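Remarks on the structure that follows.
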């Protein structure tokens, strides 16, 4: 259902407010560069510091601007099941193709709680769900056997796996079947992830290098592993540099270097990346031939 290079879109703010005009142009550029789907209001989009109304507005704008050219997977996660459902219903009404639903964070449910959370969402909304597993942020990890139990639900169609454990791809194939959509959530591990059966990456780096990331994904899908490895070598310093300080600070800094009039604006508690981080981004952009 979903595959290829899928940017987890940044949300541009200017003087603290959503810069809708720039965002619409950014969506067009991403599609023109070969991104195969778009994810607004994920972690990289600073969804944690948006109001519910603002969050839903950004999702609507993304869907409007995409105009059906590529699927839109709306960020809909919350540690409050009722709020996650509210986001899903709003995204479905706006025309989203799927919801990206992060595991509930901070309150740390057990595996039974995770099943109950996702069953409540699927019982009350028919929008397809991609489960988002990122234990480093949520302090909760969905186990392959738990995911397998959820994979039997028609509207749970895939996972964004940012567990950092590439062997999970094989374990999840065993529990969920080979047709369950597995998307890497780590740019730096995407090559191994794809080789083991993944079908794409929900990417931070694609914000800055959408064309190269799309080319990398196409090479993997075509089985051109030598070409994919060459692109991995080209992009790897950028994958690392974009996490050399708290994300999405480095990726927004990179965009001020590479994308016209991109605003240098983050919402607290996020702050601008350090001088060392900015230098790492500069060097990585040069290595990738972007700036």
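In case you wondered, yes, glycine gets a Cβ from its N, Cα and C as well.
Annotated in Swiss-Prot:
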type	residues	note
ACT_SITE	132	active site, proton donor/acceptor
ACT_SITE	160	active site, schiff-base intermediate with substrate
BINDING	44, 202	pyruvate binding site
SITE	43	site 'Part of a proton relay during catalysis'
SITE	106	site 'Part of a proton relay during catalysis'
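Features as recorded by Swiss-Prot, highlighted on the structure.
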residue: 43; record: site 'Part of a proton relay during catalysis'; Cβ within 10 Å: 22
residue: 44; record: pyruvate binding site; Cβ within 10 Å: 24
residue: 106; record: site 'Part of a proton relay during catalysis'; Cβ within 10 Å: 9
residue: 132; record: active site, proton donor/acceptor; Cβ within 10 Å: 29
residue: 160; record: active site, schiff-base intermediate with substrate; Cβ within 10 Å: 28
residue: 202; record: pyruvate binding site; Cβ within 10 Å: 29
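Under DSSP, residue 132 (active site, proton donor/acceptor) is assigned to a strand (E or B) in the three-state scheme.
The recorded positions near the residue listed as 'active site, schiff-base intermediate with substrate', taking a 10 angstroms Cα-Cα threshold over the set 43, 44, 106, 132, 202, are 132, 202. Put simply, of the recorded positions 43, 44, 106, the one whose Cα is nearest the Cα of residue 132 (active site, proton donor/acceptor) is 43. DSSP classifies residue 43 (site 'Part of a proton relay during catalysis') as coil under the three-state reduction. Here the candidates are the recorded positions 43, 44, 202, and by Cα distance the one nearest residue 106 (site 'Part of a proton relay during catalysis') turns out to be 43.
When the Cα atoms are compared, residue 202 (pyruvate binding site) and residue 43 (site 'Part of a proton relay during catalysis') turn out to be 11 Å apart. When secondary structure is read from DSSP and collapsed to three states, residue 202 (pyruvate binding site) falls in the strand class.
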